[in-house]
Amino acid sequence: MSCGRPPPDVDGMITLKVDNLTYRTSPDSLRRVFEKYGRVGDVYIPREPHTKAPRGFAFVRFHDRRDAQDAEAAMDGAELDGRELRVQVARYGRRDLPRSRQGEPRGRSRGGGYGRRSRSYGRRSRSPRRRHRSRSRGPSCSRSRSRSRYRGSRYSRSPYSRSPYSRSRYSRSPYSRSRYRESRYGGSHYSSSGYSNSRYSRYHSSRSHSKSGSSTSSRSASTSKSSSARRSKSSSVSRSRSRSRSSSMTRSPPRVSKRKSKSRSRSKRPPKSPEEEGQMSS
(Lines of atoms letter the chains of each structure in order from A and count residues from 1; the text may use other names and numbers.)
(Lines give C-alpha, C1' and ligand atoms only; values in the text may rest on other atoms or scores of the structure.)
Protein backbone atom coordinates (compact mmCIF):
# COMPACT_ATOMS: atom_id res chain seq x y z
CA MET A 1 0.00 0.00 0.00
CA SER A 2 1.34 3.43 -0.87
CA CYS A 3 1.89 6.04 1.82
CA GLY A 4 0.02 8.82 0.01
CA ARG A 5 -3.60 7.60 0.43
CA PRO A 6 -5.56 5.73 3.13
CA PRO A 7 -6.58 2.10 2.72
CA PRO A 8 -10.05 1.38 1.38
CA ASP A 9 -11.25 -0.74 4.31
CA VAL A 10 -9.48 -1.38 7.65
CA ASP A 11 -12.39 -2.58 9.74
CA GLY A 12 -11.66 -5.82 11.61
CA MET A 13 -7.86 -5.57 11.22
CA ILE A 14 -5.33 -5.61 14.08
CA THR A 15 -3.01 -2.57 13.94
CA LEU A 16 0.60 -2.47 15.10
CA LYS A 17 2.35 0.85 15.58
CA VAL A 18 6.03 0.89 14.63
CA ASP A 19 8.11 3.79 16.07
CA ASN A 20 11.68 5.07 15.57
CA LEU A 21 11.80 4.75 11.79
CA THR A 22 14.28 6.53 9.53
CA TYR A 23 13.27 8.82 6.69
CA ARG A 24 14.60 6.27 4.21
CA THR A 25 12.24 3.46 5.32
CA SER A 26 9.50 2.83 2.76
CA PRO A 27 6.15 0.99 3.08
CA ASP A 28 7.38 -1.79 0.78
CA SER A 29 10.38 -2.55 3.01
CA LEU A 30 8.12 -2.71 6.08
CA ARG A 31 5.71 -5.04 4.25
CA ARG A 32 8.51 -7.42 3.32
CA VAL A 33 9.72 -7.55 6.95
CA PHE A 34 6.29 -8.08 8.59
CA GLU A 35 4.90 -10.54 5.99
CA LYS A 36 7.14 -13.21 7.53
CA TYR A 37 4.71 -13.50 10.46
CA GLY A 38 1.38 -13.49 8.62
CA ARG A 39 -0.91 -11.86 6.08
CA VAL A 40 -0.48 -8.06 6.08
CA GLY A 41 -3.53 -6.06 5.09
CA ASP A 42 -2.05 -2.53 4.99
CA VAL A 43 1.12 -0.51 5.71
CA TYR A 44 0.83 3.25 6.22
CA ILE A 45 3.55 5.86 6.95
CA PRO A 46 2.13 9.30 7.89
CA ARG A 47 3.76 12.37 6.33
CA GLU A 48 3.85 16.07 7.09
CA PRO A 49 1.13 17.97 5.20
CA HIS A 50 3.41 20.79 4.00
CA THR A 51 6.83 19.20 3.51
CA LYS A 52 5.59 15.67 2.69
CA ALA A 53 8.40 14.26 4.85
CA PRO A 54 7.86 11.04 6.87
CA ARG A 55 6.97 11.58 10.52
CA GLY A 56 9.10 8.70 11.83
CA PHE A 57 6.44 6.07 12.60
CA ALA A 58 4.17 3.67 10.69
CA PHE A 59 1.08 1.48 11.06
CA VAL A 60 1.10 -2.18 9.99
CA ARG A 61 -2.28 -4.01 9.88
CA PHE A 62 -2.82 -7.77 10.11
CA HIS A 63 -5.97 -9.74 9.32
CA ASP A 64 -5.34 -12.25 12.12
CA ARG A 65 -4.72 -11.30 15.77
CA ARG A 66 -2.26 -14.18 16.34
CA ASP A 67 -0.11 -13.01 13.42
CA ALA A 68 -0.07 -9.50 14.87
CA GLN A 69 0.99 -10.80 18.29
CA ASP A 70 3.80 -12.89 16.77
CA ALA A 71 5.06 -9.90 14.75
CA GLU A 72 5.00 -7.69 17.86
CA ALA A 73 7.00 -10.19 19.90
CA ALA A 74 9.59 -10.70 17.15
CA MET A 75 10.06 -7.14 15.83
CA ASP A 76 9.97 -5.19 19.10
CA GLY A 77 13.63 -4.21 19.63
CA ALA A 78 14.80 -5.41 16.18
CA GLU A 79 16.96 -3.16 13.97
CA LEU A 80 15.87 -1.78 10.61
CA ASP A 81 17.97 0.68 8.56
CA GLY A 82 20.23 1.24 11.58
CA ARG A 83 17.39 2.03 14.03
CA GLU A 84 15.98 -0.05 16.89
CA LEU A 85 12.25 -0.48 16.31
CA ARG A 86 9.57 -0.13 18.99
CA VAL A 87 6.47 -2.19 18.11
CA GLN A 88 3.22 -2.32 20.10
CA VAL A 89 -0.46 -2.99 19.51
CA ALA A 90 -2.51 0.16 18.93
CA ARG A 91 -5.01 0.73 21.76
CA TYR A 92 -7.60 2.93 20.08
CA GLY A 93 -9.92 1.98 17.26
CA ARG A 94 -10.85 3.90 14.17
CA ARG A 95 -13.10 6.91 14.53
CA ASP A 96 -16.23 7.07 12.35
CA LEU A 97 -15.94 9.88 9.80
CA PRO A 98 -18.68 11.64 7.80
CA ARG A 99 -19.26 10.51 4.21
CA SER A 100 -18.09 13.84 2.78
CA ARG A 101 -14.68 13.48 4.49
CA GLN A 102 -14.08 9.77 3.98
CA GLY A 103 -12.11 10.29 0.79
CA GLU A 104 -9.73 12.92 2.27
CA PRO A 105 -6.29 11.69 3.44
CA ARG A 106 -5.85 12.02 7.20
CA GLY A 107 -3.38 10.88 9.84
CA ARG A 108 -4.15 7.51 11.39
CA SER A 109 -4.78 6.87 15.06
CA ARG A 110 -3.10 4.23 17.16
CA GLY A 111 -6.08 1.93 16.71
CA GLY A 112 -6.31 1.90 12.94
CA GLY A 113 -8.27 5.07 12.10
CA TYR A 114 -7.10 8.10 10.09
CA GLY A 115 -7.38 11.50 11.72
CA ARG A 116 -7.85 10.72 15.39
CA ARG A 117 -4.20 10.88 16.29
CA SER A 118 -3.66 14.45 15.16
CA ARG A 119 -6.85 15.65 16.77
CA SER A 120 -6.19 13.89 20.07
CA TYR A 121 -2.63 15.19 20.21
CA GLY A 122 -3.85 18.66 19.35
CA ARG A 123 -6.32 18.58 22.17
CA ARG A 124 -3.73 17.23 24.58
CA SER A 125 -1.19 19.86 23.57
CA ARG A 126 -3.67 22.70 23.94
CA SER A 127 -4.76 21.87 27.46
CA PRO A 128 -1.25 21.99 29.06
CA ARG A 129 -0.62 25.34 27.40
CA ARG A 130 -3.79 26.78 28.82
CA ARG A 131 -2.92 25.39 32.23
CA HIS A 132 0.58 26.78 31.91
CA ARG A 133 -0.78 30.20 31.04
CA SER A 134 -3.18 30.15 33.95
CA ARG A 135 -0.37 29.05 36.25
CA SER A 136 1.95 31.72 34.92
CA ARG A 137 -0.71 34.34 35.41
CA GLY A 138 -1.33 33.24 38.99
CA PRO A 139 2.08 34.09 40.48
CA SER A 140 2.15 37.45 38.72
CA CYS A 141 -1.18 38.40 40.26
CA SER A 142 -0.06 37.17 43.64
CA ARG A 143 3.16 39.12 43.31
CA SER A 144 1.32 42.32 42.46
CA ARG A 145 -1.04 41.77 45.37
CA SER A 146 1.81 41.02 47.74
CA ARG A 147 3.65 44.12 46.61
CA SER A 148 0.56 46.27 47.08
CA ARG A 149 0.06 44.82 50.56
CA TYR A 150 3.73 45.33 51.37
CA ARG A 151 3.62 48.93 50.29
CA GLY A 152 0.19 49.83 51.55
CA SER A 153 -0.65 48.25 54.86
CA ARG A 154 2.71 47.58 56.44
CA TYR A 155 4.72 50.68 55.68
CA SER A 156 2.84 53.50 53.99
CA ARG A 157 0.15 54.83 56.27
CA SER A 158 0.86 58.41 55.19
CA PRO A 159 -0.23 59.18 51.56
CA TYR A 160 2.76 61.38 50.63
CA SER A 161 5.69 59.20 51.66
CA ARG A 162 7.40 57.26 48.85
CA SER A 163 10.43 55.63 50.44
CA PRO A 164 9.75 52.84 52.97
CA TYR A 165 12.27 54.30 55.44
CA SER A 166 10.40 57.59 55.91
CA ARG A 167 7.04 55.94 56.53
CA SER A 168 4.96 55.40 59.62
CA ARG A 169 6.97 52.42 60.87
CA TYR A 170 10.24 54.38 61.19
CA SER A 171 9.28 58.07 61.38
CA ARG A 172 6.02 59.69 62.35
CA SER A 173 6.28 62.66 59.97
CA PRO A 174 5.86 61.74 56.23
CA TYR A 175 8.22 64.40 54.85
CA SER A 176 11.34 64.11 57.03
CA ARG A 177 14.18 61.96 55.71
CA SER A 178 16.69 62.71 58.47
CA ARG A 179 14.28 61.69 61.23
CA TYR A 180 14.67 58.10 60.15
CA ARG A 181 18.29 58.23 61.26
CA GLU A 182 17.42 60.04 64.48
CA SER A 183 14.58 57.70 65.38
CA ARG A 184 16.51 54.57 64.47
CA TYR A 185 19.92 55.34 65.94
CA GLY A 186 19.33 58.11 68.52
CA GLY A 187 15.75 57.49 69.59
CA SER A 188 14.15 55.92 72.62
CA HIS A 189 14.79 52.39 71.39
CA TYR A 190 18.59 52.74 71.55
CA SER A 191 18.98 55.42 74.24
CA SER A 192 18.87 52.89 77.10
CA SER A 193 21.70 50.79 75.65
CA GLY A 194 23.92 53.79 74.87
CA TYR A 195 23.56 53.98 71.11
CA SER A 196 22.73 57.68 71.18
CA ASN A 197 26.45 58.54 71.53
CA SER A 198 27.56 55.89 69.07
CA ARG A 199 29.47 56.32 65.86
CA TYR A 200 26.30 57.19 63.95
CA SER A 201 25.55 60.28 66.04
CA ARG A 202 29.24 61.23 65.95
CA TYR A 203 29.28 60.83 62.21
CA HIS A 204 26.24 63.06 61.74
CA SER A 205 27.50 65.66 64.24
CA SER A 206 30.93 65.80 62.57
CA ARG A 207 29.23 66.12 59.22
CA SER A 208 27.09 69.04 60.44
CA HIS A 209 30.16 70.69 62.03
CA SER A 210 32.14 70.34 58.84
CA LYS A 211 29.27 71.89 56.89
CA SER A 212 28.98 74.82 59.36
CA GLY A 213 32.78 75.30 59.42
CA SER A 214 32.97 75.35 55.65
CA SER A 215 30.11 77.88 55.47
CA THR A 216 31.74 80.18 58.09
CA SER A 217 35.16 79.90 56.43
CA SER A 218 33.65 80.79 53.09
CA ARG A 219 31.88 83.77 54.65
CA SER A 220 35.07 85.00 56.40
CA ALA A 221 37.04 84.61 53.19
CA SER A 222 34.46 86.64 51.29
CA THR A 223 34.47 89.40 53.97
CA SER A 224 38.30 89.51 54.00
CA LYS A 225 38.32 89.79 50.23
CA SER A 226 35.80 92.65 50.32
CA SER A 227 37.74 94.51 53.06
CA SER A 228 41.04 94.12 51.18
CA ALA A 229 39.37 95.43 48.04
CA ARG A 230 38.04 98.44 49.94
CA ARG A 231 41.49 99.13 51.44
CA SER A 232 43.15 98.94 48.06
CA LYS A 233 40.57 101.35 46.65
CA SER A 234 41.07 103.85 49.52
CA SER A 235 44.87 103.66 49.21
CA SER A 236 44.66 104.28 45.47
CA VAL A 237 42.34 107.28 46.05
CA SER A 238 44.68 108.77 48.69
CA ARG A 239 47.69 108.29 46.41
CA SER A 240 45.92 110.01 43.54
CA ARG A 241 44.96 112.92 45.78
CA SER A 242 48.52 113.35 47.11
CA ARG A 243 49.89 113.26 43.57
CA SER A 244 47.43 115.93 42.41
CA ARG A 245 48.35 118.16 45.35
CA SER A 246 52.08 117.83 44.76
CA SER A 247 51.68 118.62 41.08
CA SER A 248 49.61 121.74 41.85
CA MET A 249 52.21 122.96 44.38
CA THR A 250 55.04 122.58 41.88
CA ARG A 251 53.17 124.38 39.10
CA SER A 252 51.83 127.48 41.01
CA PRO A 253 54.36 129.82 42.83
CA PRO A 254 53.90 130.31 46.52
CA ARG A 255 51.50 133.09 47.43
CA VAL A 256 52.38 135.59 50.14
CA SER A 257 49.58 136.95 52.20
CA LYS A 258 48.93 140.72 52.49
CA ARG A 259 49.32 140.68 56.24
CA LYS A 260 52.84 139.30 55.96
CA SER A 261 53.74 141.94 53.34
CA LYS A 262 52.39 144.81 55.48
CA SER A 263 54.30 143.62 58.53
CA ARG A 264 57.44 143.37 56.43
CA SER A 265 56.96 146.92 55.08
CA ARG A 266 56.42 148.23 58.54
CA SER A 267 59.50 146.54 59.85
CA LYS A 268 61.62 147.92 56.97
CA ARG A 269 60.95 151.61 57.89
CA PRO A 270 63.88 153.42 59.63
CA PRO A 271 63.60 154.16 63.32
CA LYS A 272 62.21 157.60 64.34
CA SER A 273 64.36 160.30 65.82
CA PRO A 274 63.64 161.70 69.30
CA GLU A 275 62.50 165.00 67.77
CA GLU A 276 59.91 163.28 65.69
CA GLU A 277 58.72 161.39 68.67
CA GLY A 278 58.31 164.60 70.66
CA GLN A 279 56.30 166.18 67.88
CA MET A 280 54.10 163.19 67.73
CA SER A 281 53.50 163.31 71.47
CA SER A 282 52.71 167.09 71.46
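Note: Cβ is positioned from N, Cα and C throughout, glycine not excepted.
Fair warning: this is a prediction, and the values are worked out from it, not measured in the lab.
According to Swiss-Prot, of the residues Ser156, Ser188, Ser224, Ser156 is the one noted as phosphoserine.
In Swiss-Prot, the entry for phosphoserine among Ser163, Ser273 corresponds to Ser273.
Taking H, G and I as helix, E and B as strand and the rest as coil, DSSP gives the domain 'RRM' (14-92) the counts 19 helix, 27 strand, 33 coil.
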